[in-house]
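Here TrEMBL flags 1-23 as signal peptide. The domain 'Plant heme peroxidase family profile' annotation in TrEMBL covers 28-330. Positions annotated as disulfide bond by TrEMBL: CYS38-CYS118, CYS71-CYS76, CYS124-CYS326, CYS203-CYS234. Among the features that TrEMBL reports, site 'Transition state stabilizer' is placed at ARG65. The active site, proton acceptor annotation in TrEMBL covers HIS69. The feature Ca(2+) 1 binding site is assigned by TrEMBL to ASP70, VAL73, GLY75, ASP77, SER79, GLU91. Positions annotated as substrate binding site by TrEMBL: PRO166. Feature annotation from TrEMBL assigns heme b binding site to HIS196. For THR197, ASP247, THR250, ASP255, the entry in TrEMBL reads Ca(2+) 2 binding site.
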Amino acid sequence: MEIIRASFILVVFVLNMVRITLSVENEVLYLDYYKETCPLAEEIVSRNVEIAVLKDPRMAASLLRLHFHDCFVMGCDASILLDNHGDIISEKQAGPNLNSVRGFKVIDEIKYILEEACPLTVSCADILAIAARDAVALRGGPRWKVWLGRRDSMKASLDGANQFIPAPNSSLETLISNFNEQGLDIEDLVALSGGHTLGKARCVSFRQRVYDIEEKRDKYKRYRTFRRILRSICPDSGRDDAIAPLDFSTPAKFDNHYYINILEGNGLLGSDNVLVTEDHEGEIIKLVRAFAANEELFFSSFAKSIVKMGNINVLTGLEGEIRKNCRFVNPYALARK
């Protein structure tokens, strides 16, 4: 059995080297990247995401968020998964991630199974991309084809995580700048913001939005009612870890209600509401209204934008590595440093 396993690993290694050579020349990702080297890769990820979401419905939003937070720091390279080790300071300690991002154990479990099936073949970065797609689809959202062939970073960037991941109280100008920095435009900003149709946020993330309401809004009863609900969950001090759904209408379903909510002033985060309140030129509001009126349009735009996001600064070819454990750089890679 050991001889057979060793032979299998050798074959996989050769196939990977052929693919690496091709990707060095073309610098692109592929559909069906693991067709020869790990044909059950996507099925393994999908099955385990389904199990995780059945156990904990919130996990769908968590896995989507992991992919987003990973891609906005150095690119889609699974740097967010690295723990503190040696000279690596984990991005998990950054303000936008600390006590907030979750789903790491789900990724660990998927990686363990993939390593049993196809050693050193499927990257952690690709696992994040596939898991995000499957998580959205499981909650009723669109399903898109995932381009694969990313490799894993051998470093993390705590400073990058603090700088480039949008804060929950960001102004519209800051959001546009953050997205432009990643090569994403206004349509991508509006479409990807719709990911807030799933998940929950901590009180510390929306307290400012609750207690810093513009005077002109007080005359509208619907704004006052929503604010009272949020204040009952999140007092002006204390209970920082109390949580509220990002979408009060359909919190467990991926749909277009997020846009309906923010048109009514009922977005949970300040960074949600600014898409409407700070859009002085009207271009963003047009998109918000279009997505609010047409869920199919939102789904297609979201899929297009998340595929685009998934291509940010990817490592391919001989760059990076395929980690054996998503939390740590491979030992031989550390020895090379």
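In case you wondered, yes, glycine gets a Cβ from its N, Cα and C as well.
Structure with TrEMBL features highlighted.
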residue : record                 : contacts (Cβ under 8 Å, 6+ apart)
ASP70   : Ca(2+) 1 binding site  : CYS76, ASP77, ALA78, SER79, ILE80, LEU81, ALA125, LEU128
GLY75   : Ca(2+) 1 binding site  : SER153, ILE312, ASN313, VAL314, LEU315
CYS124  : disulfide bond         : ALA78, LEU81, ILE107, LYS111, ASP152, ARG323, CYS326
PRO166  : substrate binding site : PHE72, PRO96, THR174, LEU175, ASN178, SER271
THR197  : Ca(2+) 2 binding site  : LEU246, ASP247, THR250, LYS253, PHE254, ASP255, ASN256, HIS257, TYR258
CYS203  : disulfide bond         : ILE233, CYS234, PRO235, ARG239, ASP240, ASP241, ALA242, ILE243, ALA244
Whole-number Å value for how far GLU91 (Ca(2+) 1 binding site) lies from HIS69 (active site, proton acceptor) (Cα to Cα): 10
Cα distance (Å, whole number) from ARG65 (site 'Transition state stabilizer') to the residue listed as 'heme b binding site': 9
Overall pLDDT of the domain 'Plant heme peroxidase family profile' (28-330), taken as the mean: 94
Cβ within 8 Å of the mean position of the Cβ atoms of THR197, ASP247, THR250, ASP255: remaining residues of the chain near Ca(2+) 2: LEU198, SER249, PRO251, LYS253, PHE254, ASN256, HIS257, TYR258
Number of Cβ atoms other than its own within 10 Å, given for THR250 (Ca(2+) 2 binding site): 18
Rounded Cα-Cα span from CYS38 (disulfide bond) to VAL73 (Ca(2+) 1 binding site), Å: 28
Spatial separation of CYS71 (disulfide bond) from CYS38 (disulfide bond) - C-alpha basis, Å: 24
Residue with minimal Cβ packing [other Cβ atoms within 10 Å] among the binding-site residues ASP77, GLU91, ASP247, ASP255: ASP255
For the Ca(2+) 1 site built from ASP70, VAL73, GLY75, ASP77, SER79, GLU91, further residues of that chain with CB within 8 A of the site's CB center: HIS69, CYS71, PHE72, MET74, CYS76, ALA78, ILE80, SER153, ALA156, SER157, GLY160, ALA161
Alpha-carbon distance [CYS118 (disulfide bond); ARG65 (site 'Transition state stabilizer')] in Å: 26
